[in-house]
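Reviewing the structure listed below.
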């Protein structure tokens, strides 16, 4: 099974994106987040798809069910490969998101995979309990959210690799787990708290990893990509 290594294009604009992509092998699986999408709009997705890349559009929708359904119907027309929502929006919202994707997917294309964000990798247990008022440990909160996502018909969830084993225990091994917060051992942790190396994510069973600064901020992005790819593929 090919498990994706997804590069986070966390850049300000299309020019910065093109400069980064010039340094990397092609085609890639890339993540377009809020900053780049809000700066450049759907045209940047069209360009990436025309160049042969797979795209994870990371907008983390979280609104009332009808609004999310209508938004997902529009996002499906872009031909992206993965989109996401916040699981905290609830089962009805997540189910509506899937309905919107199915309605908007062009005939002959596969529906984008729909995954749910459980807890951000910048969240620690103190924040979970004191700020979000979730009186559970991280494993309990994430596994509960994963079960809700599966109930709503999602394809998988976003979580730290540390929670992947318990997600698979509750939702089965075929339930997709996409893991951000990936760092090489020598890298700065930045604003992430629940981080792992590519090798650790592979061992814990992540389906895909999302890597940003360890590649994009490296002196030699292509060399960093190759190191991470080898660790991930084993």
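Here the Cβ of each residue, glycine as well, is placed from N, Cα and C on the backbone.
Sequence annotations record features per position, and here Swiss-Prot assigns active site, proton donor to 60. Per Swiss-Prot, the feature substrate binding site maps to 10, 31, 58-67, 121, 183, 192, 212-213.
Structural mapping of features recorded in Swiss-Prot.
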{"residue": "10", "record": "substrate binding site", "contacts (Cβ under 8 Å, 6+ apart)": "33, 35, 36, 212, 213, 216"}
{"residue": "59", "record": "substrate binding site", "contacts (Cβ under 8 Å, 6+ apart)": "33, 34, 37, 75, 83, 84"}
{"residue": "60", "record": "active site, proton donor", "contacts (Cβ under 8 Å, 6+ apart)": "34, 84, 85, 86, 117"}
{"residue": "62", "record": "substrate binding site", "contacts (Cβ under 8 Å, 6+ apart)": "68, 85, 86, 88, 89, 93"}
{"residue": "65", "record": "substrate binding site", "contacts (Cβ under 8 Å, 6+ apart)": "90, 92, 93, 95, 96"}
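A strand conformation is recorded for residue 60 (active site, proton donor) in the three-state DSSP classification.
DSSP assigns residue 65 (substrate binding site) to a helix.
Taking the Cβ of residue 212 (substrate binding site) as centre and 10 Å as the limit, one finds 21 other Cβ atoms among all the protein chains shown.
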